Structure formats: structure tokens, C-alpha cells
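Listed features, source Swiss-Prot:
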{"type": "BINDING", "residues": "R101, D102, E117, R118, S153, S154, D176", "note": "S-adenosyl-L-methionine binding site"}
Amino acid sequence: MQIALLSEDPNRQSELEAIAARWGLKHDEDNVFALVLTEQQLELRKRDEPKLGAIFVDLVSGAVAHRRKFGGGKGQSIAKAVGLNKGATPIVLDGTAGLGRDAFVLASLGCKVQMVERHPVVAALLDDGLARAKQDAEIGVWVAERMSLLHASSHDALEQLMAQDDFVQPDVVYLDPMYPHPVNKKKSALVKKEMRVFQSLVGADNDADALLAPALLMATKRVVVKRPDYAEWLDNQKPSMAIETKKNRFDVYVNAAMA
């Protein structure tokens, strides 16, 4: 994939080149999107809209840290959806990891979470954020133990993983495909910014329906699909149950009991 690759820290140019090689990124000087390695972090910028600011993964501070400390623990909807309230601590594969926020919440509650992000730029951002989180004095130890990013950023990532001899099937597959956002629905400024940038970078998630069948084959216990409250079921398949929040819905497809 082509994108502008820029290093603001001369000492990190070789790191940027390694990132580009790992995720298959090629430098395009004129690209509207830039992946920028600063002294602190890897960022995505939309060069024709500088007011949008930079997008980067922060698992240590800000909203993510607040949610970890005050988000409701195992009583929150996402925890119930993956079965944490049943006394189990499932192994979860997050098939649409994005910026890693939901995966981080599940890991903070004790789950081992394998993350798959198919878009190489988003995967590179997540990889950088994960590396920084592992260095943090407060959360680094358990982040390193419980969170991993699988290098599988192609459309058929789930099928590829199942074909690997050493792949251990997860108890739960978690999916949160990007969904078109109606104009009249309110979102926070941060989420609006990210959605705008991501939808113009990644494009519409037109093949999201195709994720459900391989997810159901992969998960030994259940598949959880996060949807906006106004969205139809993924692949038009009715879930076993749904857990509703103010703005979202967790559709749960049960393969087996959590015990």
C-alpha cells in the first residue's frame, strides 16, 4: 500500500523503514495520508485537513485509562457479551481490532486477546501503541502477557489463521466491523474525527458480512458482534441473544456453553 512515510526524529528513520517493510507500505510523497514517526509515537495524518490532528493508539492514558479504572469492570456490556460474567476468562480473538480499545478493555479484565487488523496502516498504528503500552510501569506486564497482534492484515485473515497447524482456536471471536454512520446520530468529536479519517483511508467495510461464517467456525464458544443500535444483524443472521446499550448492541452467537 502507498502512503507518505515521514520521520520527524532523524534517529528513528531506520525504525520507520522497518515498519514500512513489516506492513508492506511504500512511500508516496504526494499521498494525502501520511504515516509519521515522531519522537514519541507513530501517527496517521490527513495532510489536506491538518485541523483534524493526528490519530495514534494510546492504551496508557486518556479515555482508555479512564474506562479501565471506572468503566464498570465485569459488569459492563462487552464483558457480559464475551461471557466474563459466567466466571470464565475466555481467550478472545478480536477480528477487527482497529485502534485496540475494546481488546484492551477485555485484556484489562483478564482475557487473553489476540488481535487481527487487516488494514496495514491501522495495524502499524496498533503495533506501535501496543509496544508503548508494554513499556508502561503500571500496565506493561499484563499487556505483554494478555495482548498480541497477529500479522494478518488481508481480507481472508480468519481463514488463513485456521489453516495454520499451530493456531489455537479462541473461545470467543469478537467482531466490530465499520458501519456507515447516519448524519443525524451524535458522536464524540474524537470518534467523529477517527471515523472520517478511517473511512476515507480504509473505505467502506463492504465485505463485513463475510466475516461471520469463518468466525463461527473458529470460535469454540461464541461469536460476539458489536453493532450500532440501528444496524441490521451481520449477514442477516439472527443472534442467540443480544445485549443492548444506549448506542450499541452486542449480538451473541452461541456455539457452546462458556463452562
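Here the Cβ of each residue, glycine as well, is placed from N, Cα and C on the backbone.
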Exercise for review: For E117 (S-adenosyl-L-methionine binding site), just count the other CB atoms lying within 10 A of its CB, please.
Suggested key: 26
Exercise for review: Write out the long-range same-chain contacts of D102 (S-adenosyl-L-methionine binding site), meaning residues 6 or more apart in sequence whose Cβ is under 8 Å from its Cβ.
Suggested key: I78, D94, Y174, D176, K226
Review point. Here are the binding-site residues: R101, R118. Which has the lowest count of other Cβ atoms within 10 Å?
Key: R101
Review point. DSSP three-state call for E117 (S-adenosyl-L-methionine binding site): helix, strand or coil?
Key: coil
Practice item. Ten-angstrom check, please: count other Cβ atoms within 10 Å of the Cβ of D176 (S-adenosyl-L-methionine binding site), all chains counted. Key: 22
Exercise for review: Using DSSP reduced to three states, classify D102 (S-adenosyl-L-methionine binding site) as helix, strand or coil.
Suggested key: helix
